[in-house]
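Notes for the one structure printed next.
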Amino acid sequence: MTQSLPLLNGTEAYKLVTTQGLYDKTVKFYEKYLQLVHDKRVGTLTNSLITLKLVVDNSFKPLDVVNDKDWRAIVSSALVFSCTNIQHFRDLAAGETIQAYPNETNPIEIYLKDPNGYIIGITETKNAISIKPTLPKQSVEASLISSRSSRIDIASSGVSTDSSYPAIPKTAKAQKSIAVMTSGGDAPGMNANVRAIVRTAIFKGCNAFVVMEGYEGLVKGGPNYIKQVYWETVRNWSCEGGTNIGTARCKEFREREGRLLGALHLIEAGVDALIVCGGDGSLTGADLFRSEWPSLIRELLDQGRINKVQFDRYQHLNICGTVGSIDNDMSTTDATIGAYSALDRICQAIDYIEATANSHSRAFVVEVMGRNCGWLALLAGISTSADYILIPEKPASSREWQDQMCDIISKHRSRGKRTTIVIVAEGAISADLTPISSKDVHKVLVDRLGLDCRITTLGHVQRGGTAVAYDRILATLQGVEAVNAVLESTPDTPSPLIAINENKITRKPLVESVQLTKSVAEAIHSKDFKKAMQLRDSEFVEHLDNFMAINSADHIEPKLPEHTHMKIAIVNVGAPAGGMNSAVYSMATYCMSQGHKPYAIYNGWTGLTRHESVRSLNWKDLLGWQSRGGSEIGTNRHTPEEADIGLIAYYFQKYGFDGIIIVGGFEAFVSLHQLERARENYTAFRIPMVLIPATLSNNVPGTEYSLGSDTALNSLMQYCDIIKQSAASTRGRVFVVDVQGGNSGYLATHAAVAVGAQVSYVPEEGISLEQLTQDIENLTESFSEAEGRGKFGQLILKSTNASKVLTPEVLAEVITQEAEGHFDAKCAIPGHVQQGGLPSPIDRTRGTRFAIRAVGFIESQHKVLAAEANLDDDDFDFDTPKIIATASVLGVKGSDIVFSSIRQLYDFETELNKRTPKTIHWQSTRTIADHLVGRKKL
């Protein structure tokens, strides 16, 4: 590499401030990367064209420039040098954190940090604004690659990938070839996982391959089964169900000879890393493959099927697993790819069945999948408030389960319930391991209770259709993390499994996770059901306890002694959100099972102050609430101070409330703050108070997840899928979709990941004219490349508050004008459709979980305040940590459910003017959303 030009701005001398401790490192840096010669006498670094003067100042602090943002946007200036061979510089900088533009594979500019934090750039262009390299990097023929995607054959020709994709910091030390395969049973979301893996691998400067038809493709090998794929190959895959690269069971791979063939075919294709998306069986096979790899390639060498060069090149195979299974039966992860999509199908079917069951006062036995795992049956039971569930983890004797089921159903019927829903997992067993079939349950319901009963077996409907938003996003984030994992792996690193715990993507040891999963089945078969439950994650056990509590309600003796019984109220504040009714239903039924008396405040705070709209809740009135959308008890945006906080205190005292649960968005957050601050003046507020965040905006401080945001995300996703279909059918059309969310871009960002939107504009970033110009250029490039390749449409998602001037209508007109006839743009306004209809299973089950946690919080904090109840105002210390903690926000943070005091959140963690948290927890998701669609950020 040679520097053929001085600094681009014409400067030939420049001063750099450093410290004595960093002086030597700085010298070595510029000697290595810029080939400058150090003159110790005068402290300069020079060549024939430029001079850098090093100035030592020990008070100087090195610049702290973060790696996950575009350095060009952060620093005020950068030194940029011109060279004739940027590829040589890229190789020289292998192992350093760099940023390359427009992409790492064929960069025109490369930036890296010197030891002092200064940004140094290298470019092949002749001036600062040129986008053409000084010399051509390759012939035209070399840039033509396959691109057309198809379910049957992925290969085609004629499209260049030399497009300008955004760059992300380089992590790989050397280029790898990464293959992805799907194996075992198919699951919705697998295509999104493959798409993310392929595009992230290409970003990282790696070759991307797919293995067709699972392990069968490995065994058969050749270009028909192990195919190199490219950026545009996986276009729109996230919106499609099943797996486009096929999956199959393969007996041959279970034998060593089959694995030997698999190793040979991977080496022939040049693959040195494999990511497997499948269940525990598929992942077990993958890890066995890795452990045998050294002996397999040695055997291939001895047989003469590979040469010594290949043997030395492919010494190690890096393996990573992502879990694709609708059963959600993998230990160490809260959710597997496809599980929530299957749950959505089940809940939708039961919601439909409920209507016909109510008409005829019938009983329905619904059989769902789950051979060794009752997760689907359990969460479907909670989501639809089923009367009884049968799962393999908690069997009873043949007589016991019949008695228990008949007892609870007869109690429900005697109290006026017209419908009966019993959910049976396909692996349901009694304590002696005798299978329990749907027909067995049907017979008991008919013979013992005399019910008009029907059986519905959902079967493969549960696997079908496109993935829900959660699965698309989970699969995408896990795909990105899987590529990072294989690039960071060493021969000594255990094979990782990409998992999720609450809201956090994590890596777990693959072997241990699979072994734990198998241990559950072994424990069940050995009748050690207690161990089987212990091996399930804590969330599963919590869900089961919750189901039993809300299902029994007040039909049995309360769990708590009478002197501990309390009056607990619940109120909805803010805009309606999916899951609000689930929270009210679960809070009320759980209170009944504990012995507490639940109250509902109807129509928010103004309902209380204007009409004294307070009612105690009884079980029969709540029937069906778990699966209803909106807010059955009514809601509005008024805060206590707007409604009359003194009158609210009066009614609290009149009814003797011992605790209050507020369900809602930012208005509910402000309400909790006002009530907590009013404790000094009103003794009625010296009770435990807790907020359950519920808003589609997901903008409540103290939590990364709010009820209603998943329902809204699914509604918006379905709308966008339909709009995108229209855009693709019309050819050459962009739709600008207006997205709600206030000043939070959460909804727009996550919807962009789920539907593969080309651009998303959010309030946190706004819309600059420069970025809009760049985005229009990207769209023009996309449409020009797509010409002649079938249907192709694009989406732009714009948060309403991203710009008040550039409305969707204006944006569409500007884009159409700038497109100059190559394509056009239309606007689409989904409006309040985004609030959703029926709540999603995630919002239903989390609403239940949060509500029961909230009641538990009130039970524990009531003791703290009871000890201070008799103190005078002067003696009551409002500022002690234990008193402050009695008014809290329930939230999900990372992998934990936490309670954070409202005072801490309101005073230190909230942007009050913007109505958002100060910390944006989903910023990294934005980066991924942009780089997976090739968007350049300025």
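Yeah, the Cβs are placed from backbone N, Cα and C, and that goes for glycine too.
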## Note on the structure
Listed by Swiss-Prot with S325, I326, D327, M369, G370, R371, H460, V461, Q462, R463 as binding beta-D-fructose 6-phosphate 2, from among E268, E426, E502, E512, is E426
### Query
Hey, Swiss-Prot has ATP bound by R249, C250, G279, D280, G281, S282. Any idea which of G121, G185, G374, G381 it lists too?
G185
### Query
Could you state the CA-to-CA distance between Q835 (beta-D-fructose 2,6-bisphosphate 2 binding site) and G281 (ATP binding site) to the nearest Å?
40
### Task
Go through the chain and flag residues at least 6 beyond the ends of the region 'Interdomain linker' (553-566) whose CB is under 8 A from any CB in it; none is fine as an answer.
408, 411-412, 415, 589, 592-597, 619, 658-659, 858-859, 862
#### Entry: Site extent for beta-D-fructose 6-phosphate 2, whole Å (max Cα pair distance, S325, I326, D327, M369, G370, R371, E426, H460, V461, Q462, R463)
16
## Note on the structure
Reduced to three DSSP states, the region 'Interdomain linker' (553-566) has 3 helix, 0 strand, 11 coil
### Message
Spatially, which candidate from the binding-site residues S325, R362, G370, V461, N698 is nearest to G279 (ATP binding site), comparing Cα atoms?
### Response
S325
### Task
Starting from each candidate's C-beta and looking 10 angstroms out, tell me which of the binding-site residues S325, Q740 has the most other C-beta atoms.
S325
### Message
Can you check which residue among the binding-site residues G185, G279, G281, G370, G742 has the largest number of Cβ atoms within 10 Å of its own?
### Response
G370
### Message
Using the CB centroid of G185, R249, C250, G279, D280, G281, S282 as the ATP site centre, which other residues of the same chain sit with their CB within 8 A?
### Response
S183, G184, G214, G278, G285
